[in-house]
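Pulled from Swiss-Prot, these are the features on record:
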- ARG72, THR73, ARG122, HIS152, GLN155, GLY284, PRO285: carbamoyl phosphate binding site (BINDING)
- LYS100, ARG186, ARG243: L-aspartate binding site (BINDING)
Amino acid sequence: MHLAALHTPSQIQLNQQGNLKHFLTIEGLSKETLTKILDTAQSFINDQNQLITTPLLEGRTVMNLFFENSTRTRTTFEAAAKRLSANVLNIDIARSSTSKGETLRDTLWNLEAMAADIFVVRHSSSGAAHFIAKDVCPHVAIINAGDGRHAHPTQAMLDMLTIRRETKKPFEELSVAIIGDIKHSRVARSNIAALQTLGCNDIRVIAPNTLLPVGFKEYGDHVRLFNKMDDGVKDCDVIIALRIQNERIDSPALSSQAEFYRMYGLNQERLALAKPDCIVMHPGPMNRGVEIDSSIADGPQSVILHQVTNGIAVRMAVLALSMQGQLQEQGLIEAIAV
C-alpha cells in the first residue's frame, strides 16, 4: 500500500469535544493537540527530572499487543501504564490464537470482552492501528506503537519533548537534520510531520536517493533534501540519526555498511559542522560504527538516554489523554482531568 493512501481523518483520533481518544498518527492533528501531549508529558516529570507516579488510570487495563518484536517501546509503555497505576497485560502474540488461524478481528473482540480499556498495538502492516480503531474496537483506546513503514507517533512525540526540553528554543527557530534510511522509517515520517505541525521551518533530510521514499516532495515545503552529509548538518541545532531498516529492505540500498558509514555516518568531524550546542538523537536500536560513531553516541552532545526517559512521560500522557477522551466520548466524564 502506498503510504500516501493511508489518510487518517482527525475525527477517528478525536472525540466530539476535540480531545484525543485514539493516537494513531501525527498527521491530521493540530499544533494545539500535539502541544497538549507535550505539556501533559512534562507534568509527569518533577523538578528533579524524575518521573512521578499517579493514580490516573487506577482500575484500568492496558493490553500490549506487539505483533512485531520490540524492547524499548513495549517496556516503556508498560512502565508508563504502571506509573499511571493501570493493570498491564503483555499478550504473547506468538502463542496467541492468531497463530492458530484466528482472525485479528476475532482475537481483538475476545480481548475487548476481557474488559480491556486500552490496546497498545505494534504491527508489521501499515494501517493496522487505523483498522482496529475504526472497524474493530472503536470503544477501546487504540495507541499505535508502530505500524509497518507508516507511523510511530509516540516516538515522534518523545523526540519532540526531548528537543523542547534540551534546546529550550521554539521549534520555529530550530534547524533539524534527519539522517539515514528515510524510505523505510516510520520514525522519519512521523518526526517530519510533528516538526512541521509544531512550526519547524528548516527540516533537512540527509540520505542517498536509494533510501528516499517515492513521493518525497509530499512531505512539505519546509523539508529539504541533502545527498551530501557535510552540507546537510551545517549549523544544525538537532541531528537525528536513523539505522538502516534491513528487515524492511527487499534489496540492498548500499554496497555495504562500511560504505554507508563513510558517506553518512555521524562522526566527530561532521558533528563539528553543526552548531556547538547541537544535540544528537537516535530512536534506537543503534548500530555503532554504521550510522553513528560510539564517541558521539556516548558523548556530551548525545541525549539518547534522555529520549528513553522522555518516552515514558510521553506514553503516560498519551495513555491518560486517550483513556479520558474515550470516557468523555461515552458520556462517562465531562472534562479531561490532565
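Cβ atoms here come from the backbone N, Cα and C positions, even for glycine.
Considering other CB atoms within 10 Å as the measure, the emptiest surroundings among the binding-site residues ARG72, ARG122, HIS152, ARG186, ARG243 are those of ARG72. Apart from ARG72, THR73, ARG122, HIS152, GLN155, GLY284, PRO285, the carbamoyl phosphate site neighbourhood in this chain, defined by C-beta within 8 angstroms of the site C-beta centre, holds SER70, THR71, ALA145, GLY146, VAL187, PRO283. Within the set ARG72, THR73, ARG122, HIS152, GLN155, GLY284, PRO285 that the record links to carbamoyl phosphate, no two Cα atoms are more than 16 Å apart, and one pair reaches that distance.
ARG122 (carbamoyl phosphate binding site) carries a strand DSSP state (E or B). On the backbone, the CA of PRO285 (carbamoyl phosphate binding site) and the CA of ARG186 (L-aspartate binding site) stand 14 Å apart.
In this structure, THR73 (carbamoyl phosphate binding site) is part of a helix by DSSP. Rounded to a whole value, the Cα-Cα separation of ARG122 (carbamoyl phosphate binding site) and ARG186 (L-aspartate binding site) is 12 Å.
Cα of ARG72 (carbamoyl phosphate binding site) to Cα of ARG243 (L-aspartate binding site): a span of 15 Å. Within 10 Å of ARG243 (L-aspartate binding site), counting CA to CA, the binding-site residues THR73, HIS152, GLN155, GLY284 contribute GLY284. Taking the Cα atom of each, GLY284 (carbamoyl phosphate binding site) and ARG186 (L-aspartate binding site) are about 13 angstrom apart. Closest to ARG186 (L-aspartate binding site) in space, going by CA atoms and restricting to the binding-site residues THR73, HIS152, GLN155, is HIS152.
When Cβ atoms from all protein chains are considered, those within 10 Å of GLY284 (carbamoyl phosphate binding site) total 16, not counting its own.
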